[in-house]
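Chemist: Can you keep this structure in mind? I'll have questions shortly.
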Amino acid sequence: MTIFTKNSVPLRARVETMSAFSLPSVNPSRADSEVILHAKVEAFYYDRFLALRNVYLPIYKNLITTLIGPSGCGKSTLLRCFNRLNDLIPQTRLQGQIIFKGRNIYHPLEDAVVLRRNIGMVFQKPNPFPKSIYNNVAFGLRIQGYRGDIDEIVEHSLRQAILWDEVKNKLKENALSLSGGQQQRLCIARMLAVQPEIILMDEPCSALDPTSTKQIEALIKEIKQQHTIVIVTHNMQQASRISDMTAFFNTEMIEGSRTGELVEYDHTPVIFQNPTREITRQYVNGYFG
């Protein structure tokens, strides 16, 4: 089986069958991003239910990768595999490997808590702690025993999250008093404070109004300079606006149940304007979902 090479961004990375990739030649002018995370998932199960299979997906450093596809195709399941949040669900198991910076994160000796410091998650619904705005951002630093200037990092993180000017005079107020969009940006600031290398986002704008969505999208584009970002979204316009790479997933009937699988993965303009697979074209044009 041919696998993606480490330091290349393929122009036509796609699944021709359910078990193998077909790769064309890579344009050297585009092969300028290294693979920071590489999913090689043969199968993922919830108890006996096969939720996902045959996913071989490289994630490129300092790029925004979106995972798209209809509900139930395994996008969020795969996202949670990237920092082992699925470990918290009883009777789940992964067959395969997920390689982060050369190490299999599912190796028995790998510490999932340490992993999650390097690969953080922003959820669909904002989840600020019932603490002050300041203490929300400082929380992770204190847990890690950080001994530097916490005030400086709190301010810097809030500025990165485009929130500082809105909250600088009320840092002692309860974070739950903020609007939904502000709470989501606070959650991002809280994560940025501990400087993860990869940020996972599971539909981060689905519960937000258009103005807040625009702010979050601007923030995502800004922070990709220092972070690698992977986003699950059902919003095709959002995926086409903000992402560099797009992976399209769909479902296949297997033994009476629908199992998710990767259909096509390429640069975002290719997926939306000239996809290889007809089913990809139908999905991004809204013919099913």
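Glycine residues also receive a Cβ, built from the backbone N, Cα and C atoms like all the rest.
Not my notes, these are from Swiss-Prot:
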type    : residues                                               : note
BINDING : Gly69, Pro70, Ser71, Gly72, Cys73, Gly74, Lys75, Ser76 : ATP binding site
DOMAIN  : 37-276                                                 : domain 'ABC transporter'
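Describe each of these features in terms of where it is and what it packs against.
Modeler: Reduced to three states, the DSSP call for Gly74 (ATP binding site) is coil. Taking all protein chains in view, 25 other C-beta atoms sit within 10 angstroms of the C-beta of Gly74 (ATP binding site).
Per-residue pLDDT, averaged along the domain 'ABC transporter' (37-276), amounts to 94 for this model.
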Chemist: Looking only at Cβ atoms, how many others are within 10 Å of the one on Gly69 (ATP binding site)?
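Modeler: By my count, 22.
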Chemist: Within 8 Å of the Cβ centroid of the ATP site residues Gly69, Pro70, Ser71, Gly72, Cys73, Gly74, Lys75, Ser76, which other residues of the same chain have their Cβ?
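Modeler: Those within range, site residues removed, are Thr77, Phe249, Thr251, Gly260.
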